[in-house]
Amino acid sequence: MVLAELGGRITRAIQQMNNVTIIDEKVLNDFLNEITRALLQSDVSFGLVEKMQTNIKKIVNLDDLAAGHNKRLIIEQAIFKELCRMLDPGKPAFAPKKAKPSVVMFVGLQGAGKTTTCTKYAYYHQKKGYKAALVCADTFRAGAFDQLKQNATKAKIPFYGSYTESDPVKIAVEGVDRFKKEKCDLIIVDTSGRHKQAASLFEEMRQVAEATEPDLVIFVMDSSIGQAAFEQAEAFKETVSVGAVIITKMDGHAKGGGALSAVAATKSPVIFIGTGEHMDEFEVFDVKPFVSRLLGKGDWSGLVDKLQEVVPKDLQNELVENLSQGNFTLRSMYDQFQCSLRIPLNQLFSMLPGISAEMMPKGHGEESRVKMKRYMTMMDSMTNKELDSPNPKIFNESRIMRIARGSGRLVREVMEMLEEYKRIAKTMKGIKIPKNGDMSKVIPPQMLKQMGGMSGLQSLMKQMGSAKDMMGMFGGGGK
């Protein structure tokens, strides 16, 4: 999860407060001091933290609370409210509309990941049914057009740029005009990365904006910038009308609080966060679910949406039907793994209540992906009868040896995969799938109860030899 360390510290502070028998002034102050330290060490500006602490003390006046009030709940609600206030500028960003051309211009410092973010933004909207296109107006950085071209080709997004033209304004105008004629409804213009001191580059950025008349200017910010974020964002806002912000590299930097809070202070809403290098590691930033995850409360609606997003509708219906009848075959597991590989593990677990990304061992996600791919290779060497049989007893010695030879794996690895299938099948068969296919009613209470509640889920995560077990279960759950 983004800001894993901060989220873990806040969650632990809440748990410690909940373990105290009586909530008095000392307990409240200790709790607020721990939250304050956590926020400051994550680069949230001192002024914002001090204001938040003052507001919480006004809301939670222990002397005025009657004996029957749930003080813990009131404190948690106050923390939630103030964190939301800190991160929400109070105004929505421009949203592109289909069948109407919208021009979105990307600006940012050098090295913030702007070009990659342009492609992620286009890819996200393309999946939503938009006809997106990319224009490379970055003539300053060597290899900029090559990078955009490579990214766009991989994502199957049309693009425009030039190896010979050096005027970024001309390229931007030509690209926008071309894609408007081609009836694209989302045209994204990538500009040169700048330094705050580079006045000429800022003038170039202003000229591109003036010539293309973008509907939205997005400022791309590196999460590691810390408390310098406010100053940098102000420099860009003074040159062009920044309407929204995307924060990148939130997967690898514990101190992303400065970027989040300082950008919110400039009154430009954060609309997306980049959580990894892959094209799908790009999350919509919604303040309330984000704060809920930060406080360890999870985000069930986000989890269900994410699972349903990566699972084709026909496959959802097929698996719901099979699971409702108690059928979980190797083919079901194969389909499950395919979908699971599309969801980064850190995103998945950050949406579970009581779970912190700190609980995920470093490198565990990649290890699980490798193991899933290895198992899928073995299943590729199976017959249709073997894949569709709900009875693992059909795998005798000769079948196992044939699968091992066909997949280039060891016999013991095939046997390990079959044992894994039995474990996951047992878990999946214990989950009651409604025949109407409403997956939002599947995950929360029932699954947690079958795992022994939240404490059982946390214990399972700590003891797991492979995070794939959980990934498999939730991949199937979403289907």
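For all residues, glycine too, the Cβ spot is worked out from N, Cα and C.
Pulled from Swiss-Prot, these are the features on record:
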type	residues	note
BINDING	108-115, 190-194, 248-251	GTP binding site
REGION	1-295	region 'G-domain'
REGION	296-479	region 'M-domain'
Can you tell me how many other Cβ atoms are located within 10 Å of the Cβ belonging to M250 (GTP binding site)?
25
Those residues of the chain, 6+ apart, with a Cβ under 8 Å from that of T191 (GTP binding site):
M105, F106, V107, K114, A137, D138, P168, A172, E204, M205, V208
Could you work out which of the binding-site residues (K114, R194) has its C-beta surrounded by the smallest number of other C-beta atoms within 10 A?
R194
Are there residues of the same chain, six or more positions away from G108 (GTP binding site), whose CB falls under 8 angstroms from its CB, and which are they?
K114, G193, R194, F219, V220, M221, F236
